[in-house]
Structures are given as structure tokens and as C-alpha cells.
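Engineer: This is the structure I want to talk about, given as C-alpha cells.
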Amino acid sequence: MNSETILQYRSSGGVLVPGVSDWVAMISPSTSDVSDCPLSSLQYKQTGDLSSLPLLCHYPVKAQYVNNDPDYISCKKKECKEHNNKGECVVSTCSGSLSFHVINIRTDIEFVFFTAGFDTPCILKRSVPLKFANPKQPLYGHLSSIDSTATSMRLTWVSGDKEPQQVQYGGGKSQTSQVTTFSPDNMCSSSILPSPAKDFGWHDPGYIHSAVMTGLKPSSTFSYRYGSPVASQVSYMTAIGNHERDYVDSGSVYTTPDSGGECGVPYETYFPMPTPAKDKPWYSIEQGPVHFTVISTEHDWSQNSEQYDWMNKDMASVDRSKTPWIIFAGHRPMYSSSSGILPSVDNNFVQAVEPLLLANKVDLVLFGHVHNYERTCAVYQNECKAMPKKDGHGIDTYDNTNYSAPVQVVIGMAGFNLDKSPASADSWSLARISEFGYVRVHATRQDLTFEYVNANTRKVEDSFRITKS
């Protein structure tokens, strides 16, 4: 197989009676244990995922019900298996077809046909193992900044080969990668119940390569190659969240087992950021006229903590005549109208950190965690300190010439199941949208324009400007 392909699975031979509980799993590697393990439901619940998921002894890479093929239950794809002496069909079977988007995960894969649903899976048929043409191929490269000078850029990629590799760039320059990986022993786990990351959810991560391209010129275009294709073009900077870090007795602020035992190890290995040290995933970076302060809401942010002191000093050190905008980013929000089993907002976090935002005149605050989109007024301590006004194009515009408070936006609508937005909310909530999408920001020294784009329609669903003279 190629390193990325769409595979069509067809239930060859068919089934006598198609059922809504028939399903297909894609497993990796092909030697994975796919017998019935009811206790797997407890491991799912560790991560906070309460969906109905396959209760196998090893978690499948992908799974879907065969009735995703609309012709399956109605048996439109019928095949005769036995005729009587008159030539009439007396035994026929029904088949279904499913599409799977498959990427190179460095092991062979296999498709397994089950009946009896996710809860009590019963194997009916297995495919032959399928192999990738080049399982060791360097893939999935992404860029990240290492500082604010824009003269160096880090490239990180994954390979099945532990030997150092090279990135070639800038007309003959090259750098050799540093190589790392991690194992089940690096994952967190409980003595009472093994964690998903260490047990049934473990998958070999391959070898993670990272190399820093130096001697770059700001505002210039460079081509580069690592192995074969030209990789990403935009710096990919990240902020850690509960599903990457939190676990019992692991040093996280919150002790829920949301990371499934990963405890930040895969996150920090795949996404090396310019942080002070391992398991201190906070940093800042400047891009053009914007200073980004990125924190971890999952590590100690209380007053007098190391992170608290860092974020205060970092924001206070920004030369606003050179870099007029500060964008503050983290995972758990300070403001959200959504409610769930657990509260969306930790008031202790708000009480500790929100005063720093006002004191350092932060312009814009970006959070995730809640799976929808929500925008506030210029808000502080649950009160609107200023409201936007419509510009000539009808776009909400916040005037920060006379600073009042930051605008806060929840942008958690990238891919997981969406949280419903309430029809009504507090006065500080100006826009609430529960649709998948992404945001884009364009900043000059006097104007910061923000747009939320619907991922399905590609239309701008919400936009605003922050201006200063």
C-alpha cells in the first residue's frame, strides 16, 4: 500500500442475514488481540469518552458499522451461493462496502468483520494482512518556531528508522536529526487499573526526528526536504490540554485520568516547543507585531508558582512600541456559557490568572476545552468593561486605544463532538456557535482582524476587529 490511500472493504462471501450490529475493525498490527474484553469500557471512561466503542482487548485503529453502506441491510448486493436442480437460487448472501482512509502507521494492518455490536463482538471473518510499501518512510513533518528571531525553524517528522536523517534546505544546507521515541514504560498507569496508553491502546510510535534549520532570513521563502516531499509551510505551535497531560499522581493540577496515561509524553515528543524544560510546557513567541504567551492550564498556575511568575514576567517584558499586540493562549477557558457533567471553568484559575491579563493589557485570549465557539465583550471579572461598535462593514470593532480589558474567545470546535451552545447566556457572551470550524487572524500594527470560518461551508460565521492608534 501507498503511505496514504482510501481502501474499499467489501465483505467477500457475504452474510446470510445482514444486521445493524455488524461492523468492521481496522487493526494494527495484524497480530493484535481482537477477542472480547468487556473491561475495556473502564479504560475508555478513564479518558472521559463515554461513547459506545469497541470492547476489544486491543483498540482498533478505526471501526465502523457495515450499515454505513445504505445497500447493506436491504441486501441490494446479493450473491447466490447455492442453486437447486431447477437452477433456482435457494441460498444467497448479502454484502456491504466500506471506505477506510488509511495512512502509513509502519505496521501491517488487517480488517476484521464482527457481528453482535461493539459491546459483545463476535468474529466472523478476517482479511489477509496488508503491508505498506515503505513502512519506514519519513512522514508527517511539521514546522515549529524555536524563538522570535525568525532565523531558525524546527522540523519534526516520524520514521520507522532509528538512524539519524537529514533535512536539506536553502540551496545546499543540511542538518542532521536528533532521534527519540517512547515506550509503554514512559506512560502513566494506576496500580488498580492499567491505563489505556500503557495497555490496550498502546501503538508503537516509530522514531521521532527533529532538526533545526538555521541561517534563515526573515520574510523569505525556503524550500526543504526531509526524505522526499516538501513538508508543511506554516509554523505549528501548540498548547497542552487535559487529554494530553492529566492523570492520577502525575503532577498535573487536575487528577482526572483524561490523558489515558500519556501524561504529556507523546505530546512533548511529537510537538517540541521552545519551553523551559520537559514537563514545563509554557513558552512565548513573536510573529510580526504579535507576542504570543502560551501557558499550560494543566500545570500549577497558582500565585508564586513557577509558571505564574514566568507568565507575569513574560508579558511584562514585551516592548509594546515594537510588538503592540499580546495574545494569551491556553486550554481551559475563563469564560464559557456551556455546562456539562464537569464545570467548564475553574474559578480558582480565573481568580489567579485573570488579573495578570488586565495588568499586562492583553488584547486577545484564546482557549479551547469546550467544543464550540464563543466570543466575549472586553471582559473582566464577569463584567463587560467595553462593548464593540459596528464599523462601516458591520463588523464588531473593539477600540483598544483606551484599553479596558481583553476579548476572550473559545475556539474548541476543531473536530471532537460539539457541545451545544445555550440559547441565552450572560451579557458578556456576544457570539455562540456550535459548528466545526477554524479561525484566522491578520494583524498589522494598528488593526487585528479575527475570523471564524465554518469548516463545511467555508463561510465566515463570526468576525471582529481590535484597533489601536
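Note: Cβ is positioned from N, Cα and C throughout, glycine not excepted.
Relevant sequence annotations retrieved from TrEMBL are reproduced here:
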type	residues	note
DOMAIN	19-134	domain 'Purple acid phosphatase Fn3-like'
DOMAIN	140-232	domain 'Purple acid phosphatase N-terminal'
DOMAIN	233-373	domain 'Calcineurin-like phosphoesterase'
DOMAIN	405-463	domain 'Purple acid phosphatase C-terminal'
Engineer: Across the domain 'Calcineurin-like phosphoesterase' (233-373), what does the mean pLDDT come to, as a whole number?
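Structural biologist: Residues in the domain 'Calcineurin-like phosphoesterase' (233-373) carry a mean pLDDT of 97 in this prediction.
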Engineer: Would you mind splitting the domain 'Purple acid phosphatase N-terminal' (140-232) into helix, strand and coil residue counts from DSSP?
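Structural biologist: The breakdown for the domain 'Purple acid phosphatase N-terminal' (140-232) reads 3 helix, 34 strand, 56 coil.
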Engineer: Sort the residues of the domain 'Purple acid phosphatase Fn3-like' (19-134) into helix, strand and coil with DSSP and give the three counts.
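Structural biologist: Taking each residue of the domain 'Purple acid phosphatase Fn3-like' (19-134) in turn, the totals are 10 helix, 43 strand, 63 coil.
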